[in-house]
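Over in TrEMBL, the protein carries these features:
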TRANSMEM  20-38  transmembrane segment
COMPBIAS  46-57  compositional bias 'Basic and acidic residues'
REGION    46-67  region 'Disordered'
TRANSMEM  76-94  transmembrane segment
TRANSMEM  100-121  transmembrane segment
TRANSMEM  142-162  transmembrane segment
TRANSMEM  168-186  transmembrane segment
TRANSMEM  193-214  transmembrane segment
TRANSMEM  267-286  transmembrane segment
TRANSMEM  315-337  transmembrane segment
TRANSMEM  343-361  transmembrane segment
Amino acid sequence: MGEEQLSETTTVTAFSIVDSSRLSTFVISILLIVYGSFRSLNLERENKEKEKEKEKAPYTSTDNESQMQTIDTCQAMFLPVGASASLLIMFLFFDSLQMIFAIFTAILATVAFAFLLLPMCQYMIQPCAGAQKISFGMCGRFTAAEIVAFCLSFMIVCVWILTGHWLLMDALGMGLCVAFIALVRLPSLKVSTMLLVGLLIYDVFWVFFSSYIFSANVMVKVATRPAENPVGLFAKKLHLTGLVRDAPKLSLPAKLVFPSSQNSSHFNMLGLGDIVMPGLLLCFVLRYDTYKKSQLTSVEAGVPPPPNYVQRISYFHCSLIGYFLGLLTATVSSEVFKAAQPALLYLVPFTLLPLLTMAYLKGDLRRMWHEPFIQSSAPKHLEV
C-alpha cells in the first residue's frame, strides 16, 4: 500500500514538472539569457567600431555615448543590501506608494520593451529611412527605428494598463530581462562571485526566514501583490464610476507567469532576478570566450586546436547547462516541498561552481578573477 502511494506521488510530481507552464519557464528563461548575452556582445562590437571611426575622424560627430554600465566591487557588495531595503519598503508601504510603483514600472517597461523591439524595427525600417537621426531638443537625437520601437512599446504598455493581461505583463518582463542583461556588465569573476553569493543570501533570507520576523513570506507577498490601476485611481478622483469598475488591478512585471495546462487558474512563476542575475554571469563568460578566441586567433594563427577536450568546451555552454540543471533542481524542490523556493539557492551553485572548476582546469582562473580583458603583450617572435 505504501509503495503504491509513493508511486502515485512520484507520478504526480513528474507530471507537474513536465507541465506546459514549467516547460515554458525553462525555454523562455534560457532564450532570454542567450539573446541578451549575444545582444550585449553586438553592442560591445558596435561601440568598438564607433571608437575606431572616432580615432580616424576625431572632428566628426559619431554619438559615441556608451549605454553600457559596469558593476564595480562596491556596487556588487551593496546591491543585495539595496535590494533588501527596496523589498522591505514595498512590503511595508505598498498601499501608500503603489501609484508610484505602477507609474515607475510602466515607464521602465516602456523603455526596456522598446529596446527589445529595436532590432526588428531596424530591420524593417532602415532600408527605407536610413540611419539619420532626428533631433528632439533636450530629449536627444533618435533614428526612425528607435522612434517606431518606442511608439509600439508605449502602445503595448497602454494596452497592458487597460487590460492587465498576463501575456502583456510577461512581454514587458522579457523586455526588462533583455535590457538589463545587454546593458549591464560584470567586469570580472571576482565581482560576479561577490554579487551572486550576496544575492543568494538575500534570496534565502527573504524566502525562508522573513516569515519569522514579519509573520509573512515577504518575497512571495511582494511578488504576488497586485497594484491599483493608475487609470482607476484617476477615474475615482474624477468620479468616473464606469472606468473605476472596469480598470483591473495590475500585477507588476517583476516576474514571468505561465498558466498551468492542468489547472488554468494556477500560474507558475519565476522572478526576473532569477533570469537576470545568472544571465549577467553568462553574458560575462560569453564575452570572455569571444575575447579569448580572438586572442588565440591573432597570436596562434595556423596552430591546430589543443587535443584536451576540456579546452574545447566553452565557458558559456558550461554555465548554460549549469543554469538549466539549477532551474530543474529548483522546480523539483518546489514540487517536492510544496512551497516557494529561493531559485538562486540552486542557480548560483549550479552556474558558478562548474565555471570556477573549468577556469581552474583551463588555467584561466587567476586572469578571469582579476582582469580578464587586459591584453597581454604578444611575443614578437614565436619559437618553433
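Any Cβ shown, glycine's included, is placed from N, Cα and C.
Remote same-chain partners of the transmembrane segment (267-286), defined as residues 6 or more beyond its termini with a Cβ less than 8 Å from a stretch Cβ, comprise 19, 21-22, 25, 29, 32-34, 36-38, 40-41, 71, 166, 173, 176-177, 180-182, 184-186, 189, 192, 195-196, 199, 203, 223-224, 253-260, 314-316, 318-320, 323, 326-327, 343-344, 347-348, 351-352, 355. Sequence-distant contacts of the transmembrane segment (315-337), counting only residues of its own chain at least 6 positions beyond either end whose CB sits under 8 Å from a CB of the stretch, comprise 13, 16-17, 22, 25-26, 29-30, 33-34, 37, 274, 278, 281-282, 285-286, 288-289, 343, 345-355, 358-359. DSSP states for the compositional bias 'Basic and acidic residues' (46-57), grouped as helix (H, G, I), strand (E, B) and coil, give 11 helix, 0 strand, 1 coil.
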